[in-house]
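Working notes, structure below.
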Amino acid sequence: MKKPTDDEKNIETNFRDKMTYGEYLQLNSILSSQKRLSDHHDEMLFIVIHQVSELWMKLILHEITAAKQAISDGDLQVSFKKLARVSQIQSQIIRAWDVLSTLTPSEYLEFRGELGNSSGFQSFQYRLIEFALGNKTDYILKIYEKDSKLSKELNEAYQEPSLYDISIKALQRGGFEISENVLNRDVTQPYQHDQSVQDAWTTVYKNIDKYWDLYQLAEKLVDIEDSLQQWRFRHMKTVERIIGFKIGTGGSSGVNYLKQVLDQRFFPELWNLRTEL
Ligand code: HEM
Ligand SMILES: N[C@@H](CC(=O)c1ccccc1NC=O)C(=O)O
């Protein structure tokens, strides 16, 4: 046997009886969670893509929660760091569609039946993200009624002001007059366009030297909505290339449903002002 090098000896003593890489990352549980229901080779891709996306969603939620707190505390610079990270994660999950697109219709249909009525529609973390960004839709709450833990968490997220609600409060603190209807609005309702908010953001964009922080905040929000729409678009197109216009396992019309979802917007004034400027 070859004599160990100093590095090999040191590494071996260094690791002895210590917490390992796999223990720290709980790889036993993560890497034993890819249970194919068919013995189809490509079902592994399908499972891994979803799990990777859910892990990234977990980090997105972690960062948005911290960003909301930072904005409420008036630490806009701190929030930019978190929101920039959200955008980078979004780039990763958008890119994940390229990997999934290597799944052909024939391959998918060979194991689609195993999925039963389950659907991405039931992604709990995706709904938490939508709620955090302000897309509050109450029919989603019904889906989780039977699961008391998830239902409680989702209801709490539903009652919370969104990232945009909190950003509008930052506008007010920056000296802008915002309509009381917006400031005291019922945050469980979908956000409605408001002229005072649009006027405030427009002033920010016309005077970026004076309102540099609010301007940066606005652009970070636009980055996030832009990426979310790109994710939705890639989902819709990937679904079209894999199942065409078949109805979804979740019971929706499928691609046509996913096309309609593209009309749901998050930060309307930030998009409208671009026409107005
Ligand atoms: C072969 C791949 C996929 C197909 C054919 C597919 C198909 C669909 C369809 C048809 C729907 C509409 C609901 C329904 O009737 O089922 C849907 C919703 C959804 N899917 Fe997928 N999907 C795929 C991959 C993914 C992946 C990788 C994710 C990532 C987590 C995902 C997340 C979602 C989410 C979050 C929704 C709800 C969208 C909303 O209501 O706005 N899907 N999917
Ligand atoms: N709705 C998909 C099924 C599907 O994609 C799916 C099923 C179980 C777990 C995650 C899924 N992904 C996203 O919707 C379909 O109609 O084929």
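The backbone N, Cα and C atoms fix where each Cβ goes, and this holds for glycine too.
Predicted automatically and left uncurated, TrEMBL annotations should be read as such.
The annotation substrate binding site is assigned in TrEMBL to PHE46, ILE47, VAL48, ILE49, HIS50, TYR108, ARG112, THR249. DSSP classifies PHE46 (substrate binding site) as helix under the three-state reduction. Cβ-based neighbour count (10 Å, all protein chains) for PHE46 (substrate binding site) stands at 21.
The heme binding site annotation in TrEMBL covers HIS235. Secondary structure at HIS235 (heme binding site), taken from DSSP and collapsed to helix, strand or coil, is helix. The Cβ of HIS235 (heme binding site) has 19 neighbouring Cβ atoms from other residues within 10 Å, across all protein chains displayed.
Non-local contacts of ILE49 (substrate binding site) by the CB criterion (under 8 A, 6+ apart in sequence, same chain) comprise ALA96, VAL99, LEU100.
Across the annotated binding residues for substrate (PHE46, ILE47, VAL48, ILE49, HIS50, TYR108, ARG112, THR249), the two most widely spaced Cα atoms sit 19 Å apart.
Close to ARG112 (substrate binding site) in the fold, though at least 6 residues off in sequence, lie ILE243, THR249, each with a CB less than 8 Å from its CB. Filtering PHE46, ILE49, ARG112, HIS235 by Cβ distance to ligand 2 (under 6 A) retains the following binding-site residues: ARG112. Shown in sequence order, GLY120 are the residues of the chain, 6+ apart in sequence, with a C-beta less than 8 angstroms from the C-beta of HIS50 (substrate binding site).
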